[in-house]
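Structure, as structure tokens:
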Amino acid sequence: MPVTTRRQLMGLSHPNAISERGPTEDTLPRTMQESDDDDDPMDGSFAVLSSSEEDEDHEPVRDEPESGASEEALDHEESDLLEVDDDYEVSPPKAKRIKLGKVKRATSSKSPAKAKRTGVSRRIRGRLQNMLSLSFDVLFLIFSELGPMDLVNLARTSKALRQVLTSRKSMWVWIVARRNAGPIMVPDPPEDMSEPAWALLLFGPAVCSHCSTKNVHRIDFALRRRLCTICRKRNLVHSIRFRFRCPDLKESVMDLLPYTKIGGWAEGRASSGRFYWKPDLYDMTNKLAELEEDRNAGKAGAQERLKLFRAERILFVDSIIQSCPEFEKWAKEEAEAQAHISQERRAQRREALKDRILSAGYVSADIDYIGMSAVPGANVDKILTEKAWRRIRRKVESRLSSARERRLQERCRREIEYKTKAEQCYSDILRQVLPVQRSYLPAVSQACELSCFRELLNPDRVVLLTEWADATGQLRESLSEWMSLHRDKYTSLLPLNPYGGQVKAMEVKLLSDPSIEAWHRAGTHDFAGKLELATSVFRHPDTNTIHIGRDVCHAWKMKGELEFSERGAEAVHSLLQELHLDPETTTPSMLEQLDRCFVCACCPADLQRIHRSWRSCVFHFVDCSETDHPYPRWRVVSPLVSPDDEARRGSPFDYCHPHQPETWLCNHCSDFPSHGPSPSLVGTSEDGMQEHAHRHVQAVHNIDRPLVDVDLFLYPDLGIDRPYCKPRHTILT
């Protein structure tokens, strides 16, 4: 096999590169060419190497000082040159000799230290040049802690270190470094490679050995090279195409050279073919030509040398091919181990980087929006130091600031989109629900409170259409759950804990339900339990409105919490006692059908002519102070029987709430009123809407005598008290 130069092996042009086969007799110091027992350079300091004849030509030439120069000045000047800073910086060795300038003669004996040298600077000489004065024991103790590539780089710093590290007695340092190189035990070098050359091949830079192309990580152990794809295509010769690629060479030369099974077009995959390195073919041909020339010239032993050379080369090639699987297995395991280590370091760096980002005021959502891999400095497998963070902080914050702005804009857009989608799904099913149940159901703006939509309204995630479809299928159950929770919440505020038995579920009924007619006949007088009774009186603290019976359920749509009104409940109990009605069964709808008026017995005599409806009585007692009205007292008023009696008695006036628009809905369909309440349950109506609803039920649904709360019902406006009574003339009973 032809000898490969150091520059070809290492892919470097440094003149002090390590030879492939280690130190030779020409490169070793004179003491290494002698006996191992006498004058071994490893037995002393670097002074032995620096005094050798080979090194004399490389010593910097220093001009002798002029006569009379002070030795103290020279010593002080030398100490200035050896001054050491915190940062260590070694300059590359120079190819030419460097002469130091002459030392200027001291002009005054008082200041000899001011003499300056104009020669080599401290940077060129190296700030750790005194390291060579250490003893070999200390020096090799330091070397034993280094890695293989650290030794290679150290051997390139100076010729003295190269001679020491490439001597045969220092090979144990390379062996220790190789065994401690990585998580996987590094195999011993083959017989044709020295420890330094093996270290450079395994742990050297990932560049092509032929053209220095970067990022060539695969090692071809058969060829002892790292080869890029272009060099493989240009210089690998397939055994089948040998005649076409090398027509001037003999095929027998292939038996004397190792081959690889990975060609230029194999994309890293092994094949059954044999590929030879073309320059090796020509070098081997030249070597054989020299041996054959000696044989043809009749030199003694030339024929035997030729046969021996061929036999040795065949055995050598066979040993290389057999050792390749072991080396390739190690390379694969080493790559996997290094990848795992690199992944762990990268994960640790990302955690440290994330902690610093969060401490800077950002949130995890900002990082997740672009991904941690997109953060500057996150893909490095090195420890994040304070210096590194200061260097990349501006880039990181710039990237995250723009990401936060885009994320918030997109989040706001999705939030509006998801809310609109949830309201639309609720509006669609609201048109199919039994209209009277709208008083118990949430407003469209409250659709976000439903459990089926709660998980879908997260603006930080993307919601699929199938998820919306599943939520729509669970909407009826969510509505029942919402109504039951509010019913139980406000029922618990009623006195004496009225729930004694099992509570019925508030089921949502659709107009398409087969049993909907039974619901029409039964009504909703017990749909919300005790909240349907007239004694269920609540007040809204923000609007100061009073809600009784089913209106309490309707007030669930309002913002804020309702408060139970004890004075309102006392007023209702007193009214029911005057009418001889049972508080446990009487609903506001029953009192509306009685249509009776009352007079407050607690008011002065001049105000007792004010006749009130039962709702007006409740509002009046709640608004009055406890001092003037400590407890409710009422007297029932009956209607006049004729206009003559009215004229005779002076026509007392009715006390009524100021006229408010009313909204009446049909309980059989969602088509009436067409101009009335929208699906959001907000709307007003014109005067006489009850008459319009009455005629609609008669004409469309063929019901001659529509009933209130059965065929049509009043849908009160939120935040406005119901009308107290209808204008009428009354007298006391």
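Just so you know, the numbers here start at 1 and follow the chain as drawn.
Note that Cβ sites are derived from N, Cα and C of the backbone, with glycine treated the same way.
Segment annotation: TrEMBL labels region 'Disordered' over residues 98-120 (candidates 98-120, 282-304, 328-350, 535-557). Here the domain 'F-box' (128-175) returns a mean pLDDT of 87 for the predicted model.
Shown for the domain 'F-box' (128-175): DSSP residue counts in helix, strand and coil, namely 36 helix, 0 strand, 12 coil.
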